[in-house]
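*Asks:* This is the structure, below, for whatever I ask next.
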Amino acid sequence: MERLQRLMMNTKVGAADANKDDTKETVYISSIALLKMLKHGRAGVPMEVMGLMLGEFVDEYTVNVVDVFAMPQSGTGVSVEAVDDVFQARMMDMLKQTGRDQMVVGWYHSHPGFGCWLSSVDVNTQKSFEQLNNRAVAVVVDPIQSVKGKVVIDAFRLIDTGALINNQEPRQTTSNSGLMNKANIQALIHGLNRHYYSLNIDYHKTPAETKMLLNLHKEQWQSGLKMQDYQEKETENLEATKRMVAVAQQYSKRIEEEKELSEEELKTRYVGKQDPKKHLAKTAENTLEENTVSVLTAGVNSIAIK
């Protein structure tokens, strides 16, 4: 009898774990969606902005975000009432006409300059989305702290209060994928792992998107024919000459000082310091290179004008 009870208890626990989310669950964001979120967030600084994410729930481990669109609301906080249902319905109808028939998988909003976490108002907004779909995702992006090559972004979902009451883990762990990212201390202060948990984020790029992004800041052959203003160039040359004179004087002074130093002292002479000889050579080389390019460009442009 006791064995049967243990088997029944294990079955219940297994069924409960099967319905839980997994730490391996990953939100895949496309390049166009990420660029739109960053552009929208940067345009709204210093106010918060919000929008909806379109995509699909591929399986229990994958949420695919294909595109996003902005909502006509901004403010210091985003409330449930700020979600314009009429605008959302019209926007979805227009997107379907263009072949974008994905469903709403969540929402995003910006935190300009103060990190990625959910406030109490954001938690209430996320509750309204999870009432429609319990797998809805809330993405927070910081356009101020984001720099080239490093996007400050995070995805969240609320923790079931029933699991907290029963002292259960909100998610089951089947791999180490969800344990690779270190939690932000600022998010922990604002309720991370108490009221909501963080999801893994990855970026999906098609071959066409990869080629487009590589060519985004690629210089063309016309870039070498652009002329710099002569007055600016003259000012730069004068400043470079002054720097070289100062470094040359410093170098001659160092030579006099080195005559009195031993070989052991000479080995550690410039450790952690600027070597005036190398600095002088580098400055002179850069100045000559820039002036040579400027003279050649001016000659090509003068011939082209004739």
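Glycine residues also receive a Cβ, built from the backbone N, Cα and C atoms like all the rest.
Dumping what Swiss-Prot says about this protein:
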DOMAIN    27-162  domain 'MPN'
BINDING   H109, H111, D122  Zn(2+) binding site
MOTIF     109-122  motif 'JAMM motif'
*Asks:* Taking helix as H, G and I and strand as E and B in DSSP, count the residues of the domain 'MPN' (27-162) in helix, strand and coil.
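*Replies:* DSSP composition of the domain 'MPN' (27-162): 44 helix, 51 strand, 41 coil.
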*Asks:* How many other Cβ atoms sit within 10 Å of the Cβ of H111 (Zn(2+) binding site)?
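*Replies:* Neighbour count, Cβ to Cβ under the 10 Å cut-off: 22.
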*Asks:* Taking the motif 'JAMM motif' (109-122) alone, what is its mean pLDDT?
*Replies:* 89
*Asks:* What number of additional C-beta atoms lies within 10 angstroms of the C-beta atom of D122 (Zn(2+) binding site)?
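*Replies:* Taking every protein chain into account, the count is 24.
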